[in-house]
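Copied over from TrEMBL:
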type	residues	note
DISULFID	CYS99-CYS418	disulfide bond
DISULFID	CYS294-CYS309	disulfide bond
DISULFID	CYS439-CYS446	disulfide bond
TRANSMEM	32-50	transmembrane segment
Amino acid sequence: IFATQCRRFAGAKNKHETPSIYRPFLRFFSRMLYFTVSHIISLLVVLAFLSCSLLTQVAADRWCADNPKDTIFRRLGTKTPYRHVQNKDIRNIATVDGCTVSKIWGLFRHGTRNPSKSIIDHMRGTLVELQRDILENGRLCREQLELFERWKPRVTVEEAKLLVREGGDELHQLGARFRQRFGQTLPAHYDADEFRFKYTKTERAEYSARNFTHGLFGRDEPIQYPEALRRDPVLRFYKGCDKWKRQVKENPYSYREMDRFGSSKEMRTVIEKLSKRIGTFVSPEEVHAIYQTCAFETAWSEREISPWCLLFDKESIATMEYNEDLKYYWVDGYGYALTYQQACSAFGDLFERFDNATSPRFTFYFTHSGTLLKSIAFLNLYKDNEPLAAQHYRYKRKWRVSHIDAFGSNLYFVLYNCLNGTQSIALYHQERLTRIPGCPEETLLCSYDHFRQLYADRIAQCDLSTMCSEPHVPSLQKDEL
């Protein structure tokens, strides 16, 4: 086209009539134009290729959680739902030839609840801001971004710590399975001379008890509950232990290992991963708020997945779980002797009810995480050879609160009377027959005389007023995180 226009300009009808003076210029400009067009086409091809590559790279940089329900399974600390640890096998009971169930005594943690006020404040403040960051700058795949678009806080501070529907169902089903396991022993109807049910002075413990009894009897029964106490010396003994509160719970040294782990390479990696996925830097406190929200929203519903859980991979969630284990080991477990020594008050009640022929045969107490963990340590259950420490993250451990202290956790003893005049005792944890530390290893049942002897000195010396006396010092309310 260019050559034709040039010929016309020169007055030539075809290329043969083109004046010779113009021919070199025409050849030159034609070739230049040819190469220019070729280069433009090549450049466009390269640009298209680079665009596709960049888009592929962007997609590859986006985090997309794979099988998130499996990632968080039994990894949510004390907020793990009971369905993660329950035992539906009703055949898992101790049977002894010539022996029958005489008495049962048990501690039951309340079912799934709402978070505390401090965590709800984080849900309604911190997480709403992070949600905005995720939607504007987040590096998540499209379908998971859509879950964040639909997310909104579901609880208000007025609903803090109340039992939720899932929590009621957990205890109702637990009561029904209890009936299936021990139905031949348990009376079909409530009798105050046979049963003792008691709960702490909290809504979540009360309605856990009511749901459990409805599952146990299959109907509402006119149950006589004793007066509920805020500082119950059996169900919540630590609430009256000022010395423990001052020297352990409010002592910064108790959180030393957790603080050290918070500065570890593993925890820094979690913060870096979440910051990249969210699209903005997140603080350690914000990471904990995300973990707690993931846990509570998971516990609330089996069918739904909390979008906040999608931010974690398996290594990240395992790191957060270990952080929880360190906290509860040192504050509610084996960290300090006083913590579990005070549980002698609860086990003194066990021996009193097992040894007294006139006491109700079946005792069920509905309580809290602190009671279960201290009682577990009192019994020497799940005790590791070395104290949990920040640098032991990679070690295999027994103390895992996701397994041993989920919502609805339970610890109960069954006493058997045998035809030969002896008595045996069995321990169940999370509805599973569990060996009692200090009893012969070859059997899951233990001689009751031997069991009593294991704890005789601690029960005889159990005086909470002496053990726990400490001047009261007012303290500021703490953020649970």
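Any Cβ shown, glycine's included, is placed from N, Cα and C.
Comparing Cα positions, CYS99 (disulfide bond) lies closest to CYS446 out of the disulfide-bonded residues CYS294, CYS309, CYS439, CYS446. For the pair CYS294 (disulfide bond) and CYS439 (disulfide bond), the Cα-Cα distance reads 40 Å.
For the pair CYS439 (disulfide bond) and CYS418 (disulfide bond), the Cα-Cα distance reads 18 Å. Once Cβ contacts within 10 Å are tallied over all protein chains shown, the disulfide-bonded residues CYS418, CYS439 are led by CYS439. There are 25 other CB atoms within 10 A of the CB of CYS294 (disulfide bond), with all protein chains counted.
The CA atom of CYS418 (disulfide bond) is located 51 Å away from the CA atom of CYS309 (disulfide bond).
Around CYS446 (disulfide bond), the C-beta neighbours below 8 angstroms that are at least 6 residues distant in the chain are SER424, ILE425, ALA426, LEU427, ILE436, CYS439, PRO440. Summary: among the disulfide-bonded residues (CYS99, CYS309), the fewest other C-beta atoms within 10 A of the C-beta are counted at CYS99.
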